[in-house]
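Annotated features in Swiss-Prot:
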- 10, 13, 32, 35: Zn(2+) binding site (BINDING)
- 143, 144, 145, 146, 147, 148, 149, 150: ATP binding site (BINDING)
- 1-51: domain 'ClpX-type ZB' (DOMAIN)
- 53-76: region 'Disordered' (REGION)
């Protein structure tokens with residue numbers, strides 16, 4: 001036995017030679033007796049399912065999204081048009097027309113690239129085969145709670161390709177504690193049911209991308225493992241490379257089998273708040289004392305900041321902390337507007353899964369009708385706007401407001417209707433709705 005035998009591990013479960021009864025060696029890999037038994041059980045179950053398939057009823061059909069995602073045949077007639085994509089986004093997300101247009105066009109062009117790649121081998125394309133369509137990754141910039149992540153999540157519901165959402169804050173440079181950038185591809189692979197070919201046609205949304213900006217404009221002497229190091233690691237993935245993805249996630253090690261994924265046809269959408277970026281843009285124009293910094297008439301500070309960001313240039317992102325190579329790989333930039341009080345009121349009631357509709361459905365299950373007076377909705381929107389966390393503040397306010405009612409109603413049979421008023425919103429409590437049972441003369445009509 002060589003001196004290295006004590007360090008041998010199973011390539012599948014990771015157990016060492018001392019922890020198992022038998023370790024079988026192959027060309028560069030090892031498997032223990034426990035994993036062999038597990039593989040035999042899986043094969044026996046599959047053979048049993050296959051032999052009994054004729055006697056079993058037909059399996060349930062997959063959800064439409066899954067069924068479409070497995071289809072690899074794309075034609076131009078089946079591709080949703082940009083207007084159709086935006087119309088669906090309008091049903092779930094309030095405002096943000098510019099960002100919706102950018103996303104709709106990008107997704108539509110992504111579909112067309114996939115359709116062309118599938119028909120590239122046919123001779124009827126003629127001279128067009130020499131024209132290669134390259135992808136245009138997207139960067140969404142906007143304050144917290146304005147709908148960046150919701151746009152991506154809503155987009156995922158209507159796509160015929162796998163869609164994964166990742167968080168940049170958990171990523172670190174290779175060799176350090178944290179997640180490798182390849183774990184982003186693992187999420188996409190899991191959405192595609194481990195179908196590599198399907199995953200290579202997908203779309204990835206990387207949230208909180210501004211959190212990997214380097215800490216200073218000048219290169220640092222010490223390593224920035226969660227900032228510039230992550231940007232460097234993402235470069236080839238964004239542009240297109242063959243990445244080795246560990247199937248179980250985590251760090252890669254020499255004895256691990258990896259899945260190879262070509263990222264050339266994966267569309268990347270990056271989003272972040274980029275707090276303070278508007279100041280960089282303002283300073284470039286020599287407007288340190290004017291523009292959005294000073295209070296003006298008719299516009300909020302956040303709205304003026306969004307207007308300044310519409311004059312954004314790549315150099316501004318470099319000064320913020322993004323490296324030039326990264327910026328060059330996300331050529332499409334869309335600014336997401338902050339939400340004002342009117343937009344927050346619309347978010348409460350208009351979307352298909354609006355917050356008010358959710359609570360009405362919850363109370364309906366207890367046979368109680370829930371109503372919000374217009375001035376109550378306005379008060380909720382005003383408080384959410386004051387908290388400066390965008391639409392995320394709405395749920396916190398309504399949850400706090402409805403706590404007493406939702407605690408008591410399941411045990412009460414004498415309340416059939418609840419009407420929330422502005423006074424209740426200001427008190428942050430709906431407890432008074434439970435004082436007078438509905439069997440008494442209606443107190444709200446008095």
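Glycine is no exception: its Cβ is also placed from the backbone N, Cα and C atoms.
Mapped onto this structure are the features recorded in Swiss-Prot.
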residue : record              : DSSP class
10      : Zn(2+) binding site : coil
32      : Zn(2+) binding site : strand
143     : ATP binding site    : coil
148     : ATP binding site    : helix
Here are the binding-site residues: 13, 32, 35, 146, 150. Which has the lowest count of other Cβ atoms within 10 Å?
13
A correct count of other C-beta atoms within 10 Å of the C-beta of residue 10 (Zn(2+) binding site) gives 22
Among 10, 13, 32, 35, i.e. the binding-site residues, the one with its Cα nearest that of residue 143 (ATP binding site) is 13
Neighbour count (Cβ, 10 Å) for residue 147 (ATP binding site):
27
From binding-site residues 144, 146, 150, the one whose Cα lies nearest residue 35 (Zn(2+) binding site)
150
How does the model score the domain 'ClpX-type ZB' (1-51) in terms of mean pLDDT?
77
